[in-house]
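Over in TrEMBL, the protein carries these features:
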- His136, His141, His175, Cys176, His184: Cu cation binding site (BINDING)
- 94-199: domain 'Plastocyanin-like' (DOMAIN)
- 217-329: domain 'Plastocyanin-like' (DOMAIN)
Amino acid sequence: MPNYFAFNQENLWNRRQLLKLALISAGVTGAALLWSRLTAQKQLVRVPPLETEGNFNSAVNPVQVLRNFDYGTLKQENGRTIREFRLTAGTSAIKLNSAASYNIWDLNGRIPGPTLRAKQGDRVRILFLNKAGHSHSLHFHGVHPAEMDGVRPVSNGSATIYEFDAEPFGVHLYHCHIEPVTRHIAKGLYGMFIIDPPKPRPAADEIVLVMAGYDVNDDNHNEYYAFNGLPHYYMDNPIRIYQNQLIRLYVLNIIEFDPAVTFHLHANFFDVYPTGMTLTPSQKSDVVTMGVAERHILEFAFRYPGKYMFHPHQDAIAENGCMGLFEVVAEKDYQNPAKSVKS
């Protein structure tokens, strides 16, 4: 069962505390390395340069969420590779628009939390620190022992370790599981957890879209909705992709207080890989229904340049922030066709 530790110093993860937790291994601690097959794939993918990195002074940064994956740090312990991640729960105030602000719980200073990524069979270790002023936990979707299920509270100022084998491959998620769970998720304690299959998927421009809501009045009803944290952001700042480039969307619905939403793509159809747990699509559609915590891989390519909307087909949800645009850049306008995926 996970152990919980109180920290008395400002710097929670200093060397002395790591030694107490027996987390300093005799092996070599690597930087965040990608396995070679993903490196080879990256060279085949065209990704347009960003128009702007954005001026974000809070936990909300839709540009960062879009194509950023956290592969952790590799360690060697007792002849086995450990993929180690560090997640810290904290507090932030975010600005949803010119009139509305909201106090959230964040993970590593951001909402959604980092998109963690591993390969099926990796030994995964998550060092979770709680600095959010309230008891929290991290529950990972997937297969793991009961003692690693993340339902026990971690008090403020304490930490725990979750460790398990990454399985099965697919698009999963993690979130706080302290009651009321709905409120803890709605206030920001969630993120995506991708487990890649042993055999790599075809090279693609990989994009993360997380649908979430904001109940700013605390009345169990969402006033705002967003992709990747900020309402309407991708309407004002379209996601640029290249014509005829395979796009792989990792889509997660984490909208609390609404039983289900759809994801609709304009002027195109996508292949659906339910929960990302298959290597062949189950259907082709331009709209897919997703319950809370449901997630899929959606693959497509745009034949024609231009701007194309994506949104839930529940219009009130779309109109209150969960709406965006893909801007398809024509092949003749490719600037850096050999540019690789940024990770």
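From the backbone N, Cα and C atoms, a Cβ is placed for every residue, glycine too.
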Problem - Fewest Cβ neighbours within 10 Å, where candidates are the binding-site residues His136, His141, His184 - result: His141
Completion exercise
Going by C-beta under 8 A and a gap of 6 or more residues, the same-chain neighbours of His175 (Cu cation binding site) are Leu138, His139, Val181, His184, Ile185, Leu189, Tyr190, Gly191, Ile254, Ala293
Completion exercise
Counting across all protein chains, other CB atoms within 10 angstroms of the CB of Cys176 (Cu cation binding site) number 28
Exercise for the section: On the DSSP side of things, how many residues of the domain 'Plastocyanin-like' (94-199) fall into helix, strand and coil, could you say? Expected result: 9 helix, 48 strand, 49 coil
Completion exercise
Per DSSP, the domain 'Plastocyanin-like' (217-329) contains 9 helix, 53 strand, 51 coil
